[in-house]
C-alpha cells in the first residue's frame, strides 16, 4: 500500500511540475507577443517621425523654390526709350489662376517704390531713384500672385 501511495504522490508531483512548465511556456509566449507588439509600435512611431521629417523638408524646399522664383521675377531688365525715360519691366514667371492686380499711386517722394521693394525682398530699402513712367512688380504667395503696377509720382506722369 505504501508503494501505491508513493506512486500516487510521485504522479501528483509530476503533474504539478508539468502544470508549472505549461504556465511558464504560456508566460513566455505571452511575453514574446507583448515584445512583438511593443516592437511594432516602435516601428510605427519611427515611420511617423520619418514622415513628419520628410514633410518638413518638402515644405522647406518648396519655400526655397518660391523665394528663388521671386528673386528671378524681380531681376527684370531695364529698357531705355528714345526720350531717355527708363522703364523697368518685370513679368510673372507663371500665370496663376488667383492673380491680383494692384495699382499703386501717390505723390513724388511718398515712398511707393521703397514699400514695393520692401514687400518683395522682406527688407527695408531706402533712397531709390524716382520712378520714370511705371514700375511692375510681381510677388508670389503660397496660393496666389500679386502684381503691383506703380505709376511715377512726378508731375509729368501724374494724371491727377
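Cβ coordinates are placed from backbone N, Cα and C, and glycine is handled just like the others.
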Same-site GTP binder from 52, 152, 153, given that TrEMBL records 106, 107, 108, 109, 110, 111, 112, 113:
153
Across the record's GTP-binding residues 106, 107, 108, 109, 110, 111, 112, 113, 153, the largest CA-CA distance in angstrom?
12
Just the number: how many Å between the Cα atoms of residue 131 (Mg(2+) binding site) and residue 153 (GTP binding site)?
8
How many other Cβ atoms are found within 10 Å of the Cβ atom of residue 153 (GTP binding site), counting all protein chains shown?
20
Cα-Cα, whole number of Å: residue 106 (GTP binding site) versus residue 113 (Mg(2+) binding site)?
10
So for residue 108 (GTP binding site), how many other CB atoms are inside 10 Å of its CB?
13
110, 112: which of these binding-site residues has the highest Cβ count within 10 Å of its own Cβ?
112
